[in-house]
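Notes to accompany the following structure.
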Amino acid sequence: MRPRRPLVFMSLVCALLNTCQAHRVHDDKPNIVLIMVDDLGIGDLGCYGNDTMRTPHIDRLAREGVRLTQHISAASLCSPSRSAFLTGRYPIRSGMVSSGNRRVIQNLAVPAGLPLNETTLAALLKKQGYSTGLIGKWHQGLNCDSRSDQCHHPYNYGFDYYYGMPFTLVDSCWPDPSRNTELAFESQLWLCVQLVAIAILTLTFGKLSGWVSVPWLLIFSMILFIFLLGYAWFSSHTSPLYWDCLLMRGHEITEQPMKAERAGSIMVKEAISFLERHSKETFLLFFSFLHVHTPLPTTDDFTGTSKHGLYGDNVEEMDSMVGKILDAIDDFGLRNNTLVYFTSDHGGHLEARRGHAQLGGWNGIYKGGKGMGGWEGGIRVPGIVRWPGKVPAGRLIKEPTSLMDILPTVASVSGGSLPQDRVIDGRDLMPLLQGNVRHSEHEFLFHYCGSYLHAVRWIPKDDSGSVWKAHYVTPVFQPPASGGCYVTSLCRCFGEQVTYHNPPLLFDLSRDPSESTPLTPATEPLHDFVIKKVANALKEHQETIVPVTYQLSELNQGRTWLKPCCGVFPFCLCDKEEEVSQPRGPNEKR
């Protein structure tokens with residue numbers, strides 16, 4: 001029996017080593033917190049050069065991590081940019097584009113949305129054992145065939161938990177001084193309808209049974225009264241406030257319409273609660289701000305506190321919310337094993353104004369803004385990555401990177417695999433972030449406006465430092481030389497409101513980041529060579545585009561029967577926020 005003891009001992013050692021190894025692999029997978037702000041300009045943050053806007057928490061995040069200064073969004077509007085972020089693919093590949101002027105999900109009554117065959121970063125991480133949560137703005141669609149099918153709900157894209165706004169802020173969402181009065185009136189009106197309905201049923205049953213003698217005309221008149229009452233109520237509530245400005249927890253609508261000024265604070269509390277619930281396991285939290293999109297709902301604590309009006313107030317409130325999330329990460333002991341990423345979905349909205357008040361963001365030295373497919377101001381966004389011990393603090397990276405890079409990056413750090421049946425346009429950022437390589441893996445980036453290619457960026461691998469950018473199409477500014485499209489509020493992608501360039505306008509962003517002076521064969525010896533190189537790359541890229549249905553074209557038309565409703569249609573106003581408890585459990589779905 002004695003010879004067996006070493007074997008038993010060795011077996012125990014091996015078992016312990018395997019256990020430790022498995023535990024070590026688990027520990028190597030970081031928690032992931034992705035923070036995306038809505039419509040934030042790259043020039044709005046202190047860490048990107050703004051010395052009049054107070055953003056201390058985001059600035060601290062930048063000091064503690066890596067700051068990307070040429071971080072590029074795949075689109076200059078919300079829905080397509082976010083689809084590219086989630087999938088690591090240009091929106092043209094998934095069909096999250098339009099050949100017309102409606103380039104985002106228009107409302108919650110359209111069947112358009114991110115196709116279900118797309119693989120999101122949440123789905124990828126879920127396969128790696130992550131608990132996945134989305135808190136905040138979605139804007140990737142909701143329903144397909146009925147107001148309750150929720151085919152485009154975040155749960156169908158890999159998220160286990162959802163609390164937030166399935167649409168996006170619009171001007172109707174805030175302020176809403178009559179909200180509480182209408183909620184009370186609707187409650188009384190619905191009670192009246194129920195009483196009349198009970199009376200109709202009672203009289204009908206009584207007449208058919210011979211218990212009461214009432215004319216059918218009276219019964220039909222009461223039925224007609226209910227229908228007319230419902231129609232009158234529905235007709236008086238056609239504003240997006242009632243049908244699009246709502247909050248959901250899981251599948252349930254909790255506020256319709258929502259109190260926009262308190263929504264952000266509730267979402268931060270939800271985020272902190274999510275972090276606490278999952279502090280002992282590996283998780284993904286995608287916190288998608290409603291800030292700083294117009295109409296800029298801001299709490300009283302921050303109203304009037306900045307040097308930049310309501311927009312500045314909203315930015316500084318957003319920064320304080322980022323601080324609360326970062327503090328919670330520290331408080332729950334998650335700091336050292338949590339990768340935090342911060343960005344904006346696209347550039348600031350230059351044309352967002354109320355009188356002389358600027359309600360949109362500042363894009364610094366970069367030309368253009370939100371809605372412009374090629375100009376730098378619409379697509380160059382903040383990019384900050386912090387992962388203590390893995391990513392060096394205080395590092396600055398000027399290489400071109402993309403929001404599409406986040407999916408392959410989280411796949412890399414989690415041990416996941418990228419889908420092999422489709423083109424993934426993003427690249428793993430970790431070698432660049434950790435300093436293992438000098439250059440971005442991107443050689444070309446393609447800049448679309450809807451379904452139209454507007455510009456191409458070329459980053460040669462010759463250590464010249466040049467970043468060439470060729471514009472095939474540029475918007476016509478209104479008024480001329482204004483730098484924006486103030487007549488239409490957003491610039492167009494095609495037709496008479498754009499200028500087509502042949503040969504394309506050429507800039508070297510390393511020398512002219514503001515894209516102020518186009519290069520010519522007379523001023524740039526490499527002009528013709530660069531134009532030809534870019535044209536060849538564009539041709540190769542276009543050959544990889546597989547035709548799909550454009551979600552934001554024909555499907556982006558409203559259907560009344562798809563309008564979400566928290567009650568019995570059309571009596572849909574409700575406030576259940578205080579009544580609904582937070583779902584808990586292994587998958588958090590409700």
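For all residues, glycine too, the Cβ spot is worked out from N, Cα and C.
Computed from a predicted structure; not experimentally measured.
If you look up Swiss-Prot, you'll see 1-22 marked as signal peptide, on the strength of sequence analysis.
Secondary structure at ASP345 (Ca(2+) binding site), taken from DSSP and collapsed to helix, strand or coil, is coil. For ASP345 (Ca(2+) binding site), the count of additional Cβ atoms within 10 Å of its Cβ stands at 29 [all protein chains shown]. The Ca(2+) binding site annotation in Swiss-Prot covers ASP38, ASP39, CYS78, ASP345, HIS346.
Annotation comment: Swiss-Prot describes ASN50 (among others) as N-linked glycosylation site. Every protein chain considered, the tally of other Cβ atoms within 10 Å of the Cβ of ASN50 (N-linked glycosylation site) stands at 20.
For CYS78, the entry in Swiss-Prot reads active site, nucleophile, with the evidence type similarity to another entry. Close to CYS78 (Ca(2+) binding site) in the fold, though at least 6 residues off in sequence, lie ASP38, VAL104, LYS137, HIS139, THR168, ASP345, HIS346, each with a CB less than 8 Å from its CB.
According to DSSP, CYS78 (Ca(2+) binding site) is assigned to a helical segment. Sequence annotations record features per position, and here Swiss-Prot assigns 3-oxoalanine (Cys) to CYS78.
Within the same chain, no residue at least 6 positions away in sequence has its Cβ under 8 Å from that of ASN117 (N-linked glycosylation site). Annotation note: ASN117 (N-linked glycosylation site) sits in a coil segment as assigned by DSSP. The N-linked glycosylation site annotation in Swiss-Prot covers ASN117 (among others).
Feature annotation from Swiss-Prot assigns substrate binding site to LYS137, HIS293, LYS370; the stated evidence is similarity to another entry. Neighbours of LYS137 (substrate binding site), defined as other CB atoms within 10 A of its CB across all chains, total 25.
The annotation active site is assigned in Swiss-Prot to HIS139.
The N-linked glycosylation site annotation in Swiss-Prot covers ASN336 (among others). The local packing around ASN336 (N-linked glycosylation site), expressed as other Cβ atoms within 10 Å of its Cβ over all shown chains, amounts to 12.
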Self-check item: Using Cα positions only, nearest of the recorded positions to HIS293 (substrate binding site) (ASP39, ASN50, ASN336)
Solution: ASP39
Quiz item: CA-CA, which of the recorded positions ASN50, ASN336, LYS370 lies nearest ASP39 (Ca(2+) binding site)?
Solution: LYS370
Quiz item: Per the record, substrate is bound by LYS137, HIS293, LYS370: how many Å separate the farthest pair of Cα atoms?
Solution: 18
Quiz prompt | Helix, strand or coil at ASN336 (N-linked glycosylation site) [DSSP, three-state] | solution = helix
Self-check item: Rounded Cα-Cα span from LYS370 (substrate binding site) to ASN50 (N-linked glycosylation site), Å
Solution: 19
Practice problem: Look at each of the binding-site residues, ASP38, ASP39, and point out the one with the fewest other Cβ atoms around it within 10 Å. | Solution: ASP38
Practice problem: Could you check what DSSP calls ASP38 (Ca(2+) binding site) once collapsed to helix, strand or coil? | Solution: coil
